[in-house]
């Protein structure tokens, strides 16, 4: 079984913030494949189902971003999921808006949610899907930017970006990380270089 985990923050006020892109991708997969992500388990909302013939668990840790590992590690242990079948999906301020980068391993690169996951699993060999959110112009505070609502003018691009990311995650489960990297490590089609 795959564990497809989107990182984010619980609460309506964060629902459409850049920091919650991971949650939005999990929601898109849930919608596409009729999986209800409503069951509480190990400080996460989870849903079990099938994507393209593969058993999956979709998860949205409810611990707040910086404690994500506190939810995912017990969840994996309880359900006996191999770490090679974990895919973590999250926002990345180091990448431009609309860029997607799949990596099979590596550091957290300053992302506190991923840092927590690496600390709990005691390995950096974790597949991750990084979703670029940098607006292409200087920002005063990264912390404020990632928690503020995404602009209404960006909603169409957001929808396309989330769909592109969901397809990337599907490809990881169906065809493997290498093929997914070849197909999806780029900007989502139809997105502008600058913030709208």
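Keep in mind that glycine also has a Cβ here, set from the backbone N, Cα and C atoms.
Annotation source Swiss-Prot lists site 'Discriminates between blocked and unblocked aminoacyl-tRNA' at 9. Taking Cβ-Cβ distances under 8 Å and a sequence gap of 6 or more within the same chain, the neighbours of residue 9 (site 'Discriminates between blocked and unblocked aminoacyl-tRNA') are 17, 19, 20, 64, 65, 147. According to its DSSP assignment, residue 9 (site 'Discriminates between blocked and unblocked aminoacyl-tRNA') is coil.
Taken from Swiss-Prot, the feature tRNA binding site covers 14, 64, 66, 112, and the record attributes it to sequence analysis. The 10 Å shell around the Cβ of residue 14 (tRNA binding site) contains 19 further Cβ atoms across the protein chains shown.
In the three-state DSSP scheme, residue 19 (active site, proton acceptor) is classed as helix. Counted within 10 Å of its Cβ, the other Cβ atoms near residue 19 (active site, proton acceptor) come to 23, all protein chains included. Sequence annotations record features per position, and here Swiss-Prot assigns active site, proton acceptor to 19 based on sequence analysis.
Annotated site 'Stabilizes the basic form of H active site to accept a proton' per Swiss-Prot: 91, in sequence order. The Cβ of residue 91 (site 'Stabilizes the basic form of H active site to accept a proton') lies under 8 Å from the Cβ of 7, 18, 19, 20, 21, 22, 111, 130, 131, 132, 133, 146, each of these being in the same chain and 6 or more residues away along the sequence.
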Q. Taking the residues the record says bind tRNA (14, 64, 66, 112), how far apart in Å are the two Cα atoms that sit farthest from each other?
A. 16
Q.
Under DSSP, is residue 64 (tRNA binding site) part of a helix or a strand, or is it coil?
A. coil
Q) What count of other C-beta atoms do you get within 10 angstroms of the C-beta of residue 64 (tRNA binding site), across all chains shown? A) 20
Q. When you average the Cβ positions of 14, 64, 66, 112 for the tRNA site, which other residues in that chain have a Cβ within 8 Å of that mean position?
A. 9, 19, 63, 65, 67, 68, 113
(Q) When DSSP is mapped onto helix/strand/coil, what comes out for residue 91 (site 'Stabilizes the basic form of H active site to accept a proton')? (A) strand
